[in-house]
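Participant: First, the structure itself, so that you have it in front of you.
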Amino acid sequence: MSSLVCDCPHLESVGEVTKEELIKKSHGSCQDCRVRGPNLWACLENGCSYVGCGESHVDHSTLHSQDTKHCLTVNLTTLRVWCYTCSKEVFLDRKLSTQPTSAKLQDSHTQESKMSSSLTLKIPAAVVSENLDIELEEEDELKTRGLTGLKNIGNTCYMNAALQALSNCPPLTHYFLDCGGLARTDKKPALCKSYQKLMSDIWHKNRPGFVIPTNLFQGIKSVNPTFRGYSQQDAQEFLRCLMDVLHEELKEQIVEVEEDAQTGIVEENLDEDKSQSDNDFHSCDSGSSSDHAESESRKLSEELTESTMLIHEDQKDVESCKTWQKEKKFSNNLNQNHFLQDFEKNIQSTIEESECLKQETVKVQIQSKAADFTAEVNMNDLPTSQTPLLNEGATTHLSSSPPKPGAVWTGHKKVPGLCPAKKRKQKKYHSVIADIFDGTIVSSVQCLTCDRVSVTLETFQDLSLPIPGKEDLAKLHSSSHQSSLVKAGSCGEAYAPQGWIAFFLEYFKSWFWGPTVTLQDCLAAFFARDELKGDNMYSCEKCKKLRNGVKFCKVQKFPEILCIHLKRFRHELMFSTKIGTHVSFPLEGLDLQPFLAKDSPSQIVTYDLLSVICHHGTASSGHYIAYCRNNLNNLWYEFDDQSVTEVSEATVQNAEAYVLFYRKASEEAQKERRRVSCLLNIMEPSLLQFYISRQWLNKFKTFAEPGPISNNDFLCIHGGVPPRKASFIEDLVVMLPQNIWDYLYSRYGGGPAVNHLYVCYTCQTEMEKIEKRRKMELETFIRLNKAFQEEESPAVIYCISMQWFREWEGFVKSKDSDPPGPIDNTKIAAAKCGHITLRQGADSGQISEETWLFLQSIYGGGPEITLRQNVTLAESEGGHAEEKIDVETRNI
């Protein structure tokens, strides 16, 4: 940063410019491509009024400088000045410092923080009004945005319909349009970049008639071979694949630390919160049964060590951040003894118990209608002094992905300074996908023999609902069934208001014209109490036998956008069929209160329809279209590939829905945004300016329930800016005047409050140390492995788990930020005649004794598995997965 102290000789060419003029220009657009801000650049050459876009678009500002030889340009979002000729940042106030300044300028300089050797940021408070009011002020100007078709590039109607449905989900689209600087990834195929470009094209002011989503389609095909070729694909499967990839590319580690020792113990027992989005997305019917041969605790311990990498936290850092982690906790924590007493009274209180699980940040993947559950509780033996749910605790991970080895070998050496032996924790992630689409369901099963209740918290991204037939509808609508459901605390309330007259009218109508199926019917069928008997008996962990049971579930947390998938396709062994039953659905006011768990933190349970994907044709062939409500003019449009046509609400309601997107409806959220806009208009000068997360600000603009303010997406655990984010910090934050910050903080809580940005020296030092460690380990391994490759007949060969080695390789190649845990050979080891040998077909590699001792001295772990010269050939090869690790370890 030393170059910043040097004056730029080109400052003399700057014309007379005022802050008000720059702010006025920031509301404009690029003079060449008409793209709007943020991050437009204005030329400062005397007499030149050019405004152009930056690198996030076509970079017309740079082209203008090259054509005109104008040197200086100013970013209209941050008011930072760049000289193209000097290739450095310069400061206008250096040029003006010798001139007398007015009181107004002095006040302005007082309000703005100075740039020092550590990073500080200049963001004018007036820009915030543009960031907050885009939906309110620009509605008339932008009313034609979003009506762009997508060209069919080879039987891709399924993709086009899905993309149009997502495009008309304001929280997601505004993220990519307003927070484009957050869409950063080093992962291939960088689908988030392709999606961001596509959204920019679709919602451009000067939109074309249609665009061709070639880049995004190529990216999807590269990660999922299912979508290669030209056969018909499923729009719902495409949605899951796309959002899963977007999550993986955009996910950020959540900065979480222990509040105290007791909390730390509980978190060690419970493991860390992990969004379902960290794995493949699954709907609520995508679970599978588990094998009960092993104990629940063993399965859980293996799952707790799964996934990306294990994080290693410094205890001092943990203690230093206790206070602002407390601010992040929701204020709805319940007293455990209170709901243990309620739990003994009726089955419904098991949902309250699951709330305790939620507060300990336990999230698991969904398994609908499966007979495997966690957190077993005996209703007759519940003590009041503890919570068995927390002690048993656990999470269940159900995925179609192959199981990953994860158990940590604990018998390793401790090497101070290199690999502390304390228990490592899983990383916790979130992304814009998880923030918008993730919800939570509480599933409970009661054994009718011993009264033990099993409770599971399950995270879902979409609800896959069955379409009930005539007999199912009769059962759902029957008065007797209503009573049993209401008593059981299930979803019978959805039908409770229906009287006998209405019931008979509905019955006779269905007799002549067939049953009328509503979306509420599908929801009621999904959440209805399920009797587990006959071939579907419940395997009780306490009884150790198959028993009759009762299962029911409710929603603990509703997502901001609820994706509902109607199961229209049935795939049999030899053929597939499609259910063509019309399902009526509301355009506004979908009330989900009957399906909400007791004491759920969700305040808003009413949803309005955003978009619906429809399929015309049969199970083997057909065509997808989408009906979407434009958020700017509230009109409905049909998106049929590159054709976009306005339609009536009646046309939408008569559609054969396949996938529906509902958004939380909240007048209060709109009032809050208007209040903040009014505060901006009456803004008073303040001595302090506060920085707020641009990502949270997007939630405030588009979410019905934005939740507490979270500034941790641009801060490290020490309260500074992580070095890797320093170069683009202006994309992560917005500056607020004090009165706006005070209002938002008092209304939503959270934090921490930030009025000064600086690069964290501690993180910088740690980063330099970790780079030295990477270099040392990598160079040593290459040297030792090269000697091993040159050795003709080694006396002993050591085996190492390739799963662990890949994690280590990712660390030394800087693909992963944290080192792996202890060496874990448990998955490749087998006991034979009292000795540990290599398991047949194990995913293992071969290394020399020196290499093993080197890695083991740093990371510890085991067990030690060796191959000697006197073993048989078959035993030494160990299976197809064994390999000698190449010296270059995949082109280092």
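Cβ coordinates are placed from backbone N, Cα and C, and glycine is handled just like the others.
If you look up Swiss-Prot, you'll see CYS30, CYS33, CYS53, HIS60 marked as Zn(2+) 2 binding site, on the strength of sequence analysis. Residues or ranges marked as compositional bias 'Basic and acidic residues' by Swiss-Prot: 272-283, 291-302. Look at Swiss-Prot and you will find 148-665 tagged as domain 'USP'. The annotation domain 'DUSP 1' is assigned in Swiss-Prot to 667-760. The feature domain 'DUSP 2' is assigned by Swiss-Prot to 768-871. Positions annotated as zinc finger by Swiss-Prot: 6-109.
Neighbours and distances for these, please.
Facilitator: Every protein chain considered, the tally of other Cβ atoms within 10 Å of the Cβ of CYS53 (Zn(2+) 2 binding site) stands at 24. Secondary structure at CYS53 (Zn(2+) 2 binding site), taken from DSSP and collapsed to helix, strand or coil, is coil.
Per DSSP, the domain 'DUSP 1' (667-760) is made up of 44 helix, 17 strand, 33 coil.
Mean pLDDT, taken over the domain 'DUSP 2' (768-871), works out to 90 on the 0 to 100 scale.
Here the zinc finger (6-109) has, by DSSP, the following mix of helix, strand and coil residues: 34 helix, 19 strand, 51 coil.
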Participant: With Cβ-Cβ distance below 8 Å and at least 6 positions apart along the chain, what are the contacts of CYS33 (Zn(2+) 2 binding site)? List them in sequence order.
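Facilitator: Listed in sequence order, they are CYS53, HIS57, VAL58, HIS60.
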Participant: Counting only residues 6+ away in sequence within the same chain, which have a CB under 8 Å from the CB of CYS30 (Zn(2+) 2 binding site)?
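Facilitator: Counting only residues 6 or more apart in sequence, the Cβ neighbours of CYS30 (Zn(2+) 2 binding site) under 8 Å are ARG36, LEU40, VAL51, GLY52, CYS53, HIS57, VAL58, HIS60.
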Participant: Run through the Cβ atoms and count how many others sit within 10 Å of the one on HIS60 (Zn(2+) 2 binding site).
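Facilitator: Counting Cβ neighbours of HIS60 (Zn(2+) 2 binding site) within 10 Å gives 20.
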Participant: Give the sequence-ordered set of same-chain residues, not counting CYS30, CYS33, CYS53, HIS60, with Cβ within 8 Å of the centre of the Cβ atoms defining the Zn(2+) 2 site.
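Facilitator: Leaving out the recorded residues gives SER29, GLN31, ASP32, ARG34, VAL35, LEU40, GLY52, HIS57, VAL58, ASP59, SER61.
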